Amino acid sequence: MLSSCSSMEAATVEIGKTKLDSGWLAARSTEVELTGTQLTTTHSPTGPTAPWMEAVVPGTVLATLVKNKVVPDPFYGMQNESILDIADSGREHYTFWFFTTFQCKLMGNQHLDLNFRGINYSAEVYLNGHKMILPKGMFRRHSLDVTSILHPDGQNLLAVLVHPPDHPGRIPPEGGQGGDHEIGKDVATQYVQGWDWIIPTRDRNTGIWDEVSVSMTGPVRIIDPHLVSSFFDNYKRVYLHATTELENRSADFAECSINIQVSTELEGNVCLVEQLQAQHLSISPRARVQYTFPQLFFYKPNLWWPNGMGKQALYHVTISVEVKGYGESDQWTHLFGFRKIESHIDSATGGRLFKVNGQPIFIRGGNWILSDGLLRLSAKRYRTDIKFHADMNFNMIRCWGGGLTERPEFYHYCDIYGLLVWEEFWITGDVDGRGIPVSNPDGPLDHDLFMLCARDTVKLLRNHASLALWVGGNEQVPPKDINAALKNDLKLHPYFETANEASKSLIDPSLSTKDPSLYLDGTRLYIQGSMWDGFANGMGDFTDGPYEIQYPESFFKDDFYNYGFNPEVGSVGMPVAATIRATMPPEGWQIPLFKKLPDGYTEEVPNPIWTYHKYIPYSKPSRVHDQIELYGAPKDLDDFCLKAQLVNYIQYRALLEGWTSRMWSKYTGVLIWKNQNPWTGLRGQFYDHLLDQTAGFFGCRCAAEPIHVQLNLATYSIEVVNTTSDTLSNVAVEASVWDLEGTSPYYKVFDKLNISPKKTVPIAEMNYPKSKNPKPVYFLLLKLYNMSDYSIFSRNFYWLHLSGGNYKLLEPYRKKKIPLKITSEVSIRGSAYEIEMHVKNTSKKSDSKNSTYMNNFIKRDVEGDFDMPSLEYHSLQGGGNQGKLDTGLLGRMASYFSRREDGHQSKVSTTNGTDVGVAFFLHFSVHATKTDREVGEDTRILPVHYSDNYFSLVPGEVMRVKISFEAPRGVSPRVTLGGWNYHSSHTVVH
């Protein structure tokens, strides 16, 4: 039986899901005089004519208004101040109609569901004149059986009236964390009333903010399957447990064959089926049943590992149901990773220690709010976000409780790139019992609604390998009854309990009375709050932070932070000058006033726009001298932002190196506050809202390498960090000091080293600058390499000054002209570019005693080197056409690389110079080629992935940098190279 169901732009499908993500219109409810029945029968809007406008779905009302220029961009300058806040306008101002159409005809015993994955905050739905109610709650799914109300001719009219949160609250004049905290009475995002890192969101995120779809099934549908894996015999013997709900919507008994298939992709179109099982089941009319499959056995399956520990092996699990007399009725597909995550409070540090597949993992990651403050969420943006985190060598993301519980697309890419996720429910200290003024300690008014949303969220996300733990709230525990309910609902299956499990882990779950897939989750720990039970001081006291600039050496000192796992530690986050110009009017381009205080410290006084964008200064009067001034007084915006990047790099590299220096002896992990901003903020970010990285991004990438060589800035001891499970044998550390004249007054090799797994090992104390006549400013290059072939494990470049000094001698060093040779290899596939740069400092031939100058880095087999189009989110979700993979992964890889050669180009360029020395702080950027460019116009192509950036080269040294990006249609890209010694960017690829 064939049938069709499509939105205005969707493809025709058979059984499966069709997204309704285009062709939407919106209008303010007070400007529409028609009823929902009229809109979906006799008086439907025909296009974007007043009061109707093109709508952003998924998205918010404010996103729609910005798209149509009804209001200005709230993230630009201080334009948010000109947008009416819901507290002043009333809720009606942001109550909106959304309208679309879709084509659908059913045949025989087929059914159609209309699905809303997220509405904020409640809605009335009209389809072909029939009214339905979507109850309150931002974090709950709604599925409506609309089979009986579809239009006979297939043309279906859909209108949705969306109402804002019930308690949008007011914004006190002094601002504050969560405004007046009224939003906490609802089950919704809390950041929308403003925080110390974001301005208030005027509509409080009202809208159809998540996916809308229609799904077609036969008489029986599959609901919320749950997959669990259990491990025995040192992970050799593995079982997959699966339970699903099934609903028979017909008036007859359904004789079903329910099937589960587990497969992996091989070369070409070959799909290796690891397991295939079929079971018979009879379901009564109109009945909903739960079915548990007999457990599936696997011997030595490929395991899923976090970023830096191994490969992210993922299997395709497909559950389908066939009904006698009908055929395939429904299908569900999900990527699944075999892995076991456990944790306990470490006796040595007091911090929570995580293990994956039995191996301890030192956590280095950061905090996440959400991708975009107007909820303009997309799989494409998520892919960039998550790959950026993997590029920084992070292994965990904490989803902060005042933001979103993240979407399946977010988790999909965390599965792909190996990011563990700490997911928090919708409680924050400031809004739910603490804060100024003191907020309501009882949480939302409707506790049953909170728990309904929590249980639904668990069902939505629980099959993702990357999901590591559930946490009740940020800096607060939920109210007692909610906390108790969460503890009960999220209790662990006995197999996953983690109190000295050496003996328990040998117990076969088949001996347990209840299959683990019958639990709501059962595999992940629930922690009641972000500062409890192994996080911060473990007792809920405010012992996270700090959140401002530090001296780099402070991170290494004994008294810096006294607890084993810090869930939040933050600092500065100034973006590059181009981002400031792109997101602020000229009055926002003024750099801070540096005000000298009587005690010798500096107070930075930013312009009002920077203050509005929550700027964190690079000084802390009475505690930390201004770190930008160490390089000399900044002259203008470009100079200020470049010097800020120098500080960003040092600050965040030192933060992570300081924590890693005490791996297992003092610390078990650290999460930086925070990784990015969901708007154009000026604090706590490694890449800005436009998706351009700061130098801090690459400082983190350096420091968080799985194998790393570093300088302890407190003791000046060279240390080697090995977070892997392998011993490093017969390796060496090369330390070379370079001065501003281009000579090397110190060179030393520490050879024949063996570094044990999971260890930070001190190698030797640096004799320089203790030697005679040390230079006031100097460069230090450390390399950890394999003695057998001089291949590099880790390279780390420092710029340093003597104690009590500064970097002002680097200012005249900018005048040095250091010659470079840049060889580029360009591969083009459609609009996708991959460029490999070989950059050589040609100011001096490489030293014959130095065999590491080529920087041939060891390629570890856990690292990815390309983007995998087969793992795009849309190709893996749902049943029907969208769930069927057209070609094999390895086949696509082969064709991908063969096609690249069709657009292959190569080029050699040079920069002139006669000076000898370090080519300092080099950075690439990618721009659109424009002949009619306006002054100050932002020509950057974003996002761009760099294997490294903001790097430096000593004389004779070569660095390979890989660059990948997509160019907009019709745009010719050019790649430029700038740096401390290079004031105007040099075009190296055009």
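Cβ coordinates are placed from backbone N, Cα and C, and glycine is handled just like the others.
Note that TrEMBL annotation is computational and uncurated.
The feature domain 'Beta-mannosidase-like galactose-binding' is assigned by TrEMBL to 46-209. Here TrEMBL flags 220-339 as domain 'Glycoside hydrolase family 2 immunoglobulin-like beta-sandwich'. According to TrEMBL, the domain 'Glycoside hydrolase family 2 catalytic' annotation covers 353-484. Per TrEMBL, domain 'Exo-beta-D-glucosaminidase Ig-fold' is recorded for 901-981.
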Selection from 46-209, 220-339, 901-981, the stretch that has most Cβ pairs under 8 A to the domain 'Glycoside hydrolase family 2 catalytic' (353-484): 46-209
Touch test for the domain 'Glycoside hydrolase family 2 immunoglobulin-like beta-sandwich' (220-339) and the domain 'Beta-mannosidase-like galactose-binding' (46-209), at least 3 Cβ pairs under 8 Å: yes
For the domain 'Exo-beta-D-glucosaminidase Ig-fold' (901-981), residues assigned helix / strand / coil by DSSP: 3 helix, 40 strand, 38 coil
Counts by DSSP class (helix H/G/I, strand E/B, coil) across the domain 'Glycoside hydrolase family 2 immunoglobulin-like beta-sandwich' (220-339): 0 helix, 80 strand, 40 coil
Overall pLDDT for the domain 'Exo-beta-D-glucosaminidase Ig-fold' (901-981), taken as the rounded mean: 91
Helix, strand and coil totals (DSSP H, G, I; E, B; other) for the domain 'Glycoside hydrolase family 2 catalytic' (353-484): 43 helix, 29 strand, 60 coil
